[in-house]
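For reference, the structure is listed below as structure tokens.
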Amino acid sequence: MGFVGYKENENGEMSLSGIHLGSKNKYRRMDSELTDDGGFDEASLQKQQQEERRRTTRKYVFACAVFASLNSVLLGYDVGVMSGAILFIHEDLKITEVQEEVLVGCLSVVSLFGSLAGGKTADAIGRKWTMGLAAIIFQTGAAIMTLAPSFEILMVGRLLAGVGIGFGVTIAPVYIAEISPTISRGSLTAFPEIFINIGILLGYVSNYAFSGLPSHTSWRIMLAVGILPSVFIGFALCIIPESPRWLVMQNRVEEAKTVLWKTNENDAEVEERLAEILSAAGTTNGEKYEDKAVWRELLSPSPALRRMLVTGIGIQCFQQVTGIDATVYYSPTILKEAGLVGNSKLLGATVAVGISKTVFILVAIVLIDKVGRKPLLYVSTIGMTVCLFTLGITLSWLKGGPFGIDLAVLSVCGNVAFFSVGIGPICWVLTSEIFPLRLRAQAAALGAVGNRVCSGLVAMSFLSVAHAITMGRTFFVFSAVSAVSVAFVYACVPETKGKSLEQMDLLFQSEQVWEGGRAEQEPGDVEQLVQK
């Protein structure tokens, strides 16, 4: 068998890209050496092959993470486009303010059904095809919304889109976490959040681009553009492999090994990872997984699993109860309250919000596997607390003047920026990596349900609460909740950087270690866990 990148010439001698590498050849590669008799130095050749495999593996895993994240564009686009489209829907269909709240917020509430079904579906048909099902359901809903002649039909499409989103947001991070190498799992698992932000930005740009059209036409085109990503999602499903951990649970070990070979950089790592997965799939502290139903374990958890659930569901809820969806969905309304007037100016300012949210998620991707999850969560939650408090002050006492408008725009942009650099992507990273293999999809689904319920409650009640206690005081409430999230991060979130998925159980075994997140395990600790 020949080497990658090399071939034999007519005389049976090795050549590279048409350059003869026999004893008389004057060309020499910088990363390999020739021996005195013109042969290859075995060590240099192996090093070159390993480097080539490393590059190929990283590109392949990166591509899988990108393709798996495409569903998230749909969620982000819906969030971004609805913030502007609702202005024209209100004008065209003559809906009331309560109907407006229901239309915006119902997607998050309905998505919890998709999240609940998503975990079970992913265990039944696989992570990959569950993502495909999510795209089909969402696109059907988006098409119905685009053609809706009335508020009632619009709601039908909205409900279908919500179910599709529930499927997508639950499974994509789980899939990426299960297919990624440990060293880059954090940044890759945060990719769905990047694509959510890209979708939000595209939604804002769409709002701005089509805002000049008649109200009957503009919002329909805005919603129709969201159908386009389905083409790329269909292509992605033909490219990406199934999760190796799901394949092991289906006793398709050889297929799992093939996927691991494509996603790990050397054979020794493949064998080590496969052994860990087989151990995790077969036993936990000596007890066979199949002896207990998944939901029975989740409803009657062990102390370690209880701590995992508190961390996973808690961080998902805090991501939403700090008011990020209110800030994103109603950013034109918030800025209008601050004194900014004119639809073009309002929608133009929301583009700045979208850019801030997108740029800082890239900062999180770069830092998450270097500085860790917990430091970024501290920066994020503290920064959001300050920005929300400042926005409360602005809307209460400084609105109307140029300084107040500028400060309001800066506070909104700062809030979404701090959200994106920490709790936005990291909540999905944590819930996709902390749970045991057999429970992972359905436990992560519970976290997503908490996220969607809180998102829906905030989105559906924001305008009513703002009218009842003023918008400024509403943001003071969000600021107080954000301050509580800082304490939650300190008490309940351990550092998971550098730990394999099969090592996570150790982080939650000791209550003293769990509190304050001071867990520090060595790579070999997983062997001790399996032996217990």
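Any Cβ shown, glycine's included, is placed from N, Cα and C.
The feature transmembrane segment is assigned by TrEMBL to 60-90, 131-149, 155-176, 188-209, 221-240, 346-368, 375-395, 407-431, 443-469, 475-493. Among the features that TrEMBL reports, domain 'Major facilitator superfamily (MFS) profile' is placed at 64-497.
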Same-chain residues at least 6 beyond the ends of the transmembrane segment (221-240) with CB under 8 Å of its CB atoms are 63-64, 67-68, 70-71, 73-74, 77-78, 81, 84-85, 88, 128-129, 131-132, 135-136, 139, 142-143, 145-146, 202-203, 206-207, 210, 213
Near the transmembrane segment (131-149) in space but 6 or more residues beyond its ends, with Cβ under 8 Å, are 68, 70-71, 74, 78, 114, 118, 121, 125, 156-168, 171-172, 175, 220, 223-224, 226-227, 229-230, 233-234, 237
If you count CB pairs under 8 A between the transmembrane segment (60-90) and each of 155-176, 346-368, 375-395, 407-431, 475-493, the winner is 155-176
Counting Cβ pairs closer than 8 Å to the transmembrane segment (475-493), the top stretch among 188-209, 346-368, 375-395, 407-431 is 375-395
Within the same chain, the residues 6 or more beyond the ends of the transmembrane segment (407-431) and with Cβ under 8 Å of it are 169, 173, 177, 185-186, 189-190, 192-194, 197, 311-313, 315-316, 318-319, 322, 324, 327-328, 331, 334-335, 338-340, 349, 352-353, 356-361, 363-365, 367-368, 373, 376-381, 383-384, 386-388, 390-391, 394-395, 398-399, 443-444, 447-448, 451, 485, 493, 496
Residues outside the transmembrane segment (188-209) whose C-beta sits under 8 Å from one of its C-beta atoms, at least 6 past its ends, are 61-62, 65-66, 68-85, 169, 172-173, 176-177, 180, 221-222, 225-226, 328, 344, 347-348, 350-351, 353-355, 357-358, 361-362, 364-365, 368, 420, 424-426, 428-429, 432-433
